[in-house]
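Asker: Questions regarding the structure given below will be posed in turn.
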Amino acid sequence: MKKAADLPYALTAEVTHRCPLHCPYCSNPVELQRRESELSTDEWCRVLDQAGELGVAQVHFTGGEPLLRPDLERLVGRARENGLYVNLITSGVGLTEERVRQLKEAGVDSVQLSVQAPNAELSDSIAGFRAHELKRQAAARIRASGLPLHMNVVLHRANLPLLEEMIELCEEWGAERLELANAQYYGWALRNISQLLPTREQLEEAEAVYARAKERIGDRIELLWILPDYYEQYPKPCMGGWGRLSLTVAPDGRVLPCTASSDIRTLVFENVKERELAWIWHESPSFNAYRGYDWMPEPCRSCERKEHDYGGCRCQAFLLTGDARATDPVCVRSPHRSAVAERVRSAAGADAATADYIYRGLEPVELRRSRA
Ligand code: SF4
Ligand code: FES
């Protein structure tokens, strides 16, 4: 009999990678799935049933843009039938009044809306799409429906200096919760790191802005600050530990310990088309690869911090060293720390203006800012 702590708490259901936006820091893997390979409605319903049986408590419907799935309401309804709390993560593009009403009726409990910058010009330029005004309308519709509005801003060199305006905009739009998430450098963000990574000075100023805002706002809005780990001494306990708390189902049905992990080429991820979710969670080699402490090399193996940070992020270790077992290079004790230090050094000398982004997209072309 497994202990409750061994069961996943949350399921991230990446129902599609299709998206009208092209954010250069997108958390989707660089190799995006096409529509033809997406799970069908019935296959997703089976995943949600199995998640309920496994003891999952909440599901985050995300993408890409989940609203592009016309069956989203059916999937939301199925999640609710399985007793799951349902959070919808959206760009807001396509969120008509009718769609909000239907989604609420189907069982959505909260909506998380992303926003790129406090003004349309910069926002649209970051997203590679004219989305800002549509987001404003979406926020108003979510509020009018009575659903809690949670907002999320990914922070980087182009919008960090506007943090105060950003927080004010989210207050004005009626956010109940605001996640200020410094970009994490995997996948698309790693591709664009020379345009995105802020300087230490920018970060320190932004942190002071955040602290003042937190004091002013009090508990009126739940404000969260997600650290930029490149400027830390020690890594974050990424995902609360590999395969400990949550799982992600990719659009094609592969089950991942985290969204970015499909970029780890040395692991094979099982698919819900072939295996039950419970088997994948408990038994699969990919989920067991970095559980516990036995897999750890030195210096993690004999480090007093390992029970706190689990050796950091496996995806970051793979992307920066080619070895997913390696100590996260963010750690000052890592033999690969120079991989992070060099990037931080080059950010210090870089131009503060946004240069050309490599926009996220299904096409292997480099979409430029002119798309906005
Ligand atoms: Fe964490 Fe490993 Fe660094 Fe210790 S050596 S702080 S366990 S990453
Ligand atoms: Fe995958 Fe950190 S993002 S383990």
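Heads up, the Cβ atoms here are built off N, Cα and C, so glycines get one too.
These came from TrEMBL, pasted as-is:
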- 5-220: domain 'Radical SAM core' (DOMAIN)
- CYS19, CYS23, CYS26: [4Fe-4S] cluster binding site (BINDING)
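Give me the local environment of each listed feature.
Answerer: If you draw a 10 Å sphere around the CB of CYS19 ([4Fe-4S] cluster binding site), it holds 24 other CB atoms from the protein chains shown.
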Asker: Identify all same-chain residues not among CYS19, CYS23, CYS26 whose C-beta atom falls within 8 angstroms of the centroid of the [4Fe-4S] cluster site's C-beta atoms; report them in sequence order.
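Answerer: Other same-chain residues near the [4Fe-4S] cluster site: LEU21, HIS22, TYR25, SER27, ASN28, GLY64, SER91, ALA127, TRP188, ARG360.
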Asker: What's the number of neighbouring CB atoms sitting within 10 A of the CB on CYS23 ([4Fe-4S] cluster binding site)?
Answerer: 25
Asker: Which whole-number mean pLDDT does the model give the domain 'Radical SAM core' (5-220)?
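Answerer: Average per-residue pLDDT within the domain 'Radical SAM core' (5-220): 95.
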Asker: Within 10 Å of the Cβ of CYS26 ([4Fe-4S] cluster binding site), how many other Cβ atoms can you find? Include all protein chains, please.
Answerer: 25
Asker: Indicate whether CYS19 ([4Fe-4S] cluster binding site) is helix, strand or coil by DSSP.
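Answerer: DSSP assigns CYS19 ([4Fe-4S] cluster binding site) to coil.
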